[in-house]
Amino acid sequence: MKLYMEAKELISDNIRDYGMYIALIVIFITFSILTDGLFMSSRNLSNLLDSAGYIAVLAVGVMLVIVIRHIDLSIGFLAGFLGAIAAILLMQVGLSVYLVIPIILILGIIAGLATGFLVAKVGIPAFVATLAGWLIYRGALLLVTERTGTIIVQDDKFNAIGNGFIPSLMQVNGLHVLTLLVGALGILFYIYGAVSNRRNKMKYSFDVVSKQLFLLQLVFVSAIIAYITWILAGYNGFSWTVIVMLIVLLVYHFFTTKTVLGRHIYAVGSNPEAAHLSGINVSKITFLVFGSMGMLSALSGILFTARLQSATTTAGTLFELDAIAAAYVGGVSAAGGVGKVTGAIIGAVVMASLTNGMNLMGVGIAPQYIIRGSVLALAVIFDVTTRKRGK
Amino acid sequence: MSEYILEMHQITKEFTGVKALSNVNFKVEKGEIHCLIGENGAGKSTLMKVLSGVYPYGKYKGDIVFNGSIQQFNKINDSVDAGIAIIYQELALFPDLAVYENIFIGNEVENRGVLDWNQTIIESQKMLDKVNLKVNPETLIKDLGVGKQQLIEIAKALSKEVKLLILDEPTAALNEDDSENLLRLLRELKSQGITCIMISHKLKEVISIADKATVLRDGETICTLDASKGEINESIIIKNMVGREINAIYPKRENKIFGDKILELTNWCAYDAQLGRQVSKDVNLHVKQGEIIGLAGLMGSGRTELALSIFGNPKSYKLQGDLKLHGKSRQFKHTSEAMKAGIAYVTEDRKGDGLFLIQDIKSNISVANMKGISSNGIINVNEEIIVGEKYRKSMGIKASSLEQVVGNLSGGNQQKVSLGKWLFVNPNLLILDEPTRGIDVGAKFEIYTVMNKLISDGMSIIMISSELGEILGMSDRVYVMAKSEIKGVLTSEEASQEKIMQLATQ
C-alpha cells in the first residue's frame, strides 16, 4: 500500500517526464484492442518502427534547434534533396555506398552550417532563413530530378538501411538470435546505468525512490524492452533503421546530458544573455546545433531514400512539420532550454503509431490529419498545464 | 481632520519562500503628498504593485480601501479605472511614437470606432499645458530628454482623470533642474486636489515636499511621520529606515594591505553604435590588489556599460584607449577571454541575464567553469556535485537540495548562487553590479562578509552600487560617474553622501 502511494506520488511529481510514456502505452493498448492484436504483431511493429525512423532522427535535431529558441523549416526538402544526391551518386556516378554515406552526411553538415551562419552571424531570424532554405532545397530537388524523374536505386547495401534487417547469426525456434542478444545487452546497460545513478545520488544524499519502487521500475522497463525485442525477434529481428535510430538516441542522449557542449546548448536555450556573460560562445553553439541538424537531415534523407528504394521529386514534403510536431509531443519547450532526446524519439514513435494504427483500422486520410492535429494540441496543452504547477 | 483616500490594511504578500510584505498598514489622506521610503528591498515597490493590481486580488492578504470602498483589483486596468495611476522608474513610453500618441495610448480618442487624431492632438496639448511642458505634441518621444519624458508620463496619467498619482523614484534619473521642475509640478497638482504617493531615496526631496512619510523596513511598516509635527527630518528618517547603526550593517575589515595595480584604464572610451552614443568617455581608473573600489552614480550614468566594456565587451561597443591587466595591455574579443584573464562580472539583473532560472543550483554554479568539472569535454557528475556542495556551504545558500531549481529561490539565495558561480571561476578581479539589490538585510550582511573574505584572500573588487550606504560602508576608494564620465575619485576618508551626490549630479 505504501509502495502504491509512493508510486502515485512519483508519477504525479514527474508527470511531465512520464506522461509521454503513459500516452504511448495507452495508444499501443488501444490500437491492439481495436485491431484484434494485429497492431502488436511482429510484422506490424517492425514496420511501424521503420516508418518512424526518418522522422525520429529529424525530430532529435529539430528538438535541439527549438531548445536554443530557433526553428528549422528547411530540413524536409534538405533531406529530400540530399536523398536524391545520394541516389545520383550511387546510380549515375557509380560511387560505392561506403563513400556515398559519408559524403551525404558531410554535405548535410555544410548545409546546416550555412543556415547557422545566416542565423548566428548575419542575424536573420531562423524562421525566415530556413523558409528561404525550404524554397531553395525544394527547387534544388526538382532541378536534379526533373530530367530523369524518379531515380530508382538498385544498390542492395544502400536499400538495406531502409528495408533490411541485422543478420541473425542463427535461428533458434524461429527467433532472431542477434536481436535477442542486442535486447539483452540493452537491458543490462539500462540496469547498470540506473543502479550506478542511484548509488551516486545516495552517496550525496539526494532524494531517491525507495528500494522496492526502484526494483519495480527496473523490472517494468526491462520487461518492456524484453517484450519488444521478443516480438521483433519473432519476425526478422531489428531492422537497420531501428539500429540507426538507437545509435542516434544513444549518441545524442550522451552528448546532451554528459558533455560540456551539450550543457552549453541548454544554457544558451534557457538564457542566451546569461550564457554570453558566462563566457559561452553563443554563435558557436548556434553553428553546432544547426550543423547537427544538417547532418541529421542528411541521415533522414538516406533512410527515406533507402526505404523507398528510389529518390522522388517530392521526397521530404512536410517532413519538417512532422518532425516539429514529434518534438513538441516529446515535450520540447518553445520558450527554450527544455527538451530531451528520448522525448523527441518517443514523440516520433507516438505520431507514427497513430498513422499506423489508423491505417490498420482503415480510417480515412481526412480524419487521420484531424486526429493527429488534436493529439499534438493535447500534448502541448498537457505540457503547458503541468509546467504551471511548478516543479 | 480630512478623510483618507486610501487605506491599506494588513497587507501580506509572499513570494515562494520569502515574505515581501508582512501586515503592512498604509494610509493616505486626500490631497496630500505622501512619501514612501525605505531601503532597497524594503517592500515599497511590492506594496505599490499590490495597490495597482499587478498582483491581482487574492494573491495577497489584506484589504485595500480606496475612496471609501473595498477594492478588488484583478488587473492593472481595474486600478486605472478607479483613478489610480502609477509611473514606474523605467518609463513605459514608446520611443518611436509621437508625444500625443503616447499620452493617449490605451485610452484613445475615437469617433465611432475610428481614431480622431486631430482631437487627440488638441487634447494632448491641454495635458501638456497642465504639466507646463512646452513641446510640440508631434515630437517623437526618443527626441526628448528623460526629464521631459517623465513629465509626459504624468500628462498621460492626468489624461485618465487620475485621483491618486503614484511615482516610483521619479527623480532617480533626472538632473537637479529637472528634479526641481518635477517637484514644483507635484505641488501644483496637489493644489488642484490630486493626491500623490512618491517613492524616493532622496531624503532632501522627501524633506522638501512630503506632508507625510511612511517608512518601510524588511516588509513591515515602521512608522508614519508627519511634517506638520516636525517629524520629517534626516536623522529621524534614517534612524527608522536603517533600524540599526551603520557599523552593524557593514562588517569591518582588518589589516588592509594593497598590492600592485591589477587593472588600469587610460582614456578608456566606449561607443554604442546601436544607441548611437558614447557610453564611456575618457575613463581613467585603476584597481589595486586587495582593494574594494566603489563605483557610484545615478541610474544611467554609465557604470554597467563601463563594467561590460571591461568584461570582454559583450555588447560590441567600439572601444578606444588602453586597458592594462597586471601591467600588460590587453584586448578581449569575448567574455570568455576576459574570464581567462581573471575577470568576473556578476550582473545587476540576476534574473534577466545572470542566472539560468529553469536549471538547478549545481548547473548554475558550474556553468561558467565547465572545465573545472569535466575532462575531454565529458562532464564528471560527481565532481559537479562536490563543487556545488562546496559553494552551497561557503555561500550559505539555503535550499532543499542542489537539484532545486534556481527560479524558486529567494532573491538573496539567488544572488549567492550567482556569486558562487563566479567564485568557482576563481577570478582575481571581481566586478559586482548592484550586489545587494532587492535582497534582505541579513543576506546583505552575508554577502558583505563574503566580499571581505575574498579581499583577504587577495582578490580585488569593483562594486557598482546605487546605495550610498553600501558604497560608504564597503569601499576603499570611490569613483563617481555621471553622464558616462568619471567625475571624481574619493578615498574612504574623504567620501560622504553629500560629496558623492554632488559629483553624481554634475
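Glycine too: its Cβ is placed from the backbone N, Cα and C atoms.
Under the heading transmembrane segment, TrEMBL lists A:21-39 (among others).
Beyond the transmembrane segment (A:51-68), the same-chain residues lying 6 or more positions past its ends with a Cβ under 8 Å from any Cβ of the stretch are 75-76, 79, 126, 162, 241-242, 244-245, 248-249, 252, 256, 265-266, 268-269, 272, 285-286, 289-290, 292-293, 295-297, 299-301, 303-304, 307, 319-320, 322-324, 326-327, 330, 332-334, 336-341, 343-345, 347-349, 351-353, 355-356. Summarising the annotation, TrEMBL assigns transmembrane segment to A:51-68 (among others).
Among the features that TrEMBL reports, transmembrane segment is placed at A:75-93 (among others).
Summarising the annotation, TrEMBL assigns transmembrane segment to A:99-119 (among others). Same-chain neighbours of the transmembrane segment (A:99-119): 70, 72, 74, 78, 82, 85-86, 89-90, 125-126, 129-130, 133, 137, 158, 286-299, 301-302, counting only residues six or more beyond its ends whose CB sits under 8 Å from a CB of the stretch.
Positions annotated as transmembrane segment by TrEMBL: A:126-145 (among others).
According to TrEMBL, the feature transmembrane segment maps to A:165-192 (among others).
Per TrEMBL, transmembrane segment is recorded for A:213-232 (among others). Proximity of distant same-chain residues to the transmembrane segment (A:213-232), defined by a Cβ-Cβ separation under 8 Å and at least 6 residues beyond the stretch ends, is recorded for 3, 6-7, 10, 40-42, 45-46, 175-176, 179-180, 182-184, 186-187, 190-191, 194, 198, 238, 242.
Among residues of the same chain six or more beyond the transmembrane segment (A:238-255), those with a C-beta under 8 A of the stretch's C-beta atoms are 46, 49-50, 52-54, 56-57, 60, 64, 160-166, 176, 178-179, 182, 232, 261-262, 296, 299, 303, 307, 341-342, 345. Residues annotated as transmembrane segment in TrEMBL: A:238-255 (among others).
Among the features that TrEMBL reports, transmembrane segment is placed at A:285-306 (among others).
Residues annotated as transmembrane segment in TrEMBL: A:318-338 (among others). Counting only same-chain residues 6+ beyond the ends of the transmembrane segment (A:318-338), those with a CB under 8 A from a CB of the stretch are 16-17, 19-20, 54-56, 58-59, 61-63, 66-69, 71-77, 79-80, 134, 266-267, 269-271, 300, 304, 344-348, 350-351, 372, 375-376, 379-380, 383, 387.
Among residues of the same chain six or more beyond the transmembrane segment (A:369-386), those with a C-beta under 8 A of the stretch's C-beta atoms are 15-16, 19-20, 23, 325, 328-329, 331, 333, 347, 350-351, 354-355, 358, 363. Under the heading transmembrane segment, TrEMBL lists A:369-386 (among others).
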Distal contacts, the transmembrane segment (A:126-145) - CB-CB under 8 A, six or more residues away: 65, 70-78, 80-81, 84-85, 88, 111, 115, 118-119, 151, 311-313, 315-316, 320
State the non-local partners of the transmembrane segment (A:285-306) in its own chain: residues 6+ outside its ends, Cβ under 8 Å from one of its Cβ atoms. 53-55, 57-58, 60-62, 64-65, 67-68, 70, 72, 74-75, 78-84, 86-87, 101, 104-105, 107-113, 115-117, 119-120, 153, 158-163, 241, 244, 248, 261, 264-265, 268, 275, 315-316, 319
